[in-house]
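In TrEMBL this protein carries:
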- 116-214: domain 'Phosphatidic acid phosphatase type 2/haloperoxidase' (DOMAIN)
- 21-41: transmembrane segment (TRANSMEM)
- 61-85: transmembrane segment (TRANSMEM)
- 92-113: transmembrane segment (TRANSMEM)
- 138-160: transmembrane segment (TRANSMEM)
- 167-187: transmembrane segment (TRANSMEM)
- 193-214: transmembrane segment (TRANSMEM)
Amino acid sequence: MPSDFSPPPVVDWRAIFLNDFWFKFFGTSAFMSVFFWAYLFLLKNPVFPVTTMPLTVVDRWIGFLPLALVPYLSLWIYCSLPVMLMPARTRLLNFGVWIGLMCLFALAIFYWWPNAVPPADIDWAQYPSVAFLKAVDAAGNACPSLHVAAAVYSSFWLYWLMWEVRLGWRAQSIQMLWGVAILYSTMATKQHVSLDVLAGTALGIVFAWSSRWFDRKLQSVR
């Protein structure tokens, strides 16, 4: 072994997590507040006729599962993880700008093409927790699913950032399975149909890789 050999430096992900903690916390909270205001406004005030999304065979395969509400709601924790693992403000701002552009793109679709999932033949009164979700987040703004797009976008960034801080395949497998559970939950709670999920997945992939390209550009000029 060469005498000048040295192991790769250990990256302390906990220090990164705590770095700029309040900036990350309040920035994420402000972003989500503005997003939900715009999202719910379009949901409750469609400008054009609302299109009902068609069902596919996948939607008939995936039945309603009340417990799917847990991974569905966990999206907000999942989306916060890449934010907390961002080691620098410039990279964090790049992440935020691109997920913001992704949301604006989807909101523009919802404005010009309002759409909704077909009503499910389910008595929601028997499932109070899911009924509460239905009351707050109705079946509109369905395609592309921003819930799915945000999960996919966050999953890519978690993958990249977790490798940077040398979290191994066990952690990677957990975050990937968590992401898949969120995608599944959008259909199992009957909030979305498979076409919404497909479109949301494509949207998340495009914007994740676009943001990654800019992230590398930012790092190359430092």
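Just so it is clear, glycine is given a Cβ too, placed from its N, Cα and C backbone atoms.
What you see is a predicted model, and the numbers here were worked out from it, not measured in a lab.
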What DSSP reports for the domain 'Phosphatidic acid phosphatase type 2/haloperoxidase' (116-214) is 72 helix, 2 strand, 25 coil
Integer mean pLDDT for the domain 'Phosphatidic acid phosphatase type 2/haloperoxidase' (116-214): 92
